[in-house]
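Working notes for the structure below.
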Amino acid sequence: MIPRAAERLLVVVGLLLFVTGSSQALYSSSDDVVALTTANFDRTVVKSDEVWVVEFYAPFCGHCRNLVPEYKKAATALKGVIKVGGVNCEEEQGLCGQHGVRGYPTIKIFGANKRSPVDYNGQRTAKDIAEAALAEAKKKIKNVLGGGGGSSSSGGSGSNSGSGSKDDVIELTDANFDKLVLQSEEPWLVEFYAPWCGHCKNLAPHWARAATELKGKVKLGALDATVHQQKMSEYGVQGFPTIKYFPAGTKDRNSAEDYNGGRTSSDIVNWAQDKYTEDIPSPEIVQLTSEQVARDTCEKKPLCVVSVLPHILDCNADCRNGYLKILQEMGDKYKKKEWGWLWTEGGAQLDLESTLDIGGFGYPAMAVVNLKKMKYSLLRGSFSKDGINEFLRDLSFGRGHTAPVKGAELPKIHTVEPWDGKDGQLPVEEDIDLSDVDLDEKDEL
């Protein structure tokens, strides 16, 4: 029987052996798993052009020990194609903390965007790990061939569910932030995130979907605040994710507005579109003077609002300006729709009036044309603010009667002189000399 004192000594010795042995790395220099440390991580992984699979482990972790043979097998299978490394988190606590490691083992794949590695959550077998790594390598190749290698998803998440594309989210850094955002004429939504942040990871797929839906209107960017701390400090970021809006046009660091919307893609899109429409100017109500004017104003628009105003001899400058004021107010009210707005005077574009059945009810008249579908709808109510608003509101909700454009194409647009803003003048009548005419002379049969 072992004396109690000796028993305690054995326990202490065992604990000491466990503690001293626990800091031993799980992989040796003879393995195909590269030992990664704070000193070599950025140079070896982040700044390299190769795809890396990295396991963050702790020697005392039983699951880590069980993974060793499979991880070694994966490293050997991927040799020469993809690099495989390991980080001992007992010795490299700062590095593991930087990458948001909360449990062991944690496996991340550093692919096209090294600042936002993909979390591996598959089976812990050599086959599954290798297949996931090859999939990321394939994505990187696709990005390079498609010219989209400079973008990333935010929050360090590899999720790309839904219709959003990670390629539509622009990766921002301390170095490129001012040039891309502040010196841009376009509006921006910027997410400041941390790779370890759970809320950031949950936001990532929604951020990607919103970026795709807002393409061409508002740019979405993402900045890893754990790496680019200058901008984090400059904009007072104290939690993650923090989202800030930078309006269109000339801007500086004081232009940033805090985002206060929801965190779903629809919330982000709706909030951004409201901001976008606040920033964009009201559409110009353009006189239809030529074919080129018609194309420039309406060719790329979802709908084209065409108004035919009374002839200037039937409606003087004040009268015409009154109608144009109504159209401008309606253009401002519906500017979010991004429609094109044209006007002409009665009789100037008779072919167009005939094609759209305008003029049958007199002037002024209005037709709204969908150039893609070659359909149009006529204003049947009054040409007034209330009448036009009701008409356009119904169209914006998909209501109202439509008809196909005759011949499925618009007619020739005649080139006319633009209105000079003045009242119309009757043509000067030519004087006729009747001195040689004998008014008493009669023709006889």
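Glycine residues also receive a Cβ, built from the backbone N, Cα and C atoms like all the rest.
Bear in mind that TrEMBL entries carry predicted annotations, made automatically and left uncurated.
Per TrEMBL, signal peptide is recorded for 1-25. Per TrEMBL, domain 'Thioredoxin' is recorded for 15-139, 161-277. What TrEMBL lists as compositional bias 'Gly residues' is 145-161. Residues annotated as region 'Disordered' in TrEMBL: 145-167, 419-445. Positions annotated as compositional bias 'Acidic residues' by TrEMBL: 428-445.
Sorting the domain 'Thioredoxin' (15-139) by DSSP state (H, G, I as helix; E, B as strand; all else coil) yields 50 helix, 22 strand, 53 coil. When the domain 'Thioredoxin' (161-277) is classified with DSSP, helix, strand and coil residues number 47 helix, 23 strand, 47 coil. Across all of the domain 'Thioredoxin' (15-139), the predicted model scores a mean pLDDT of 88.
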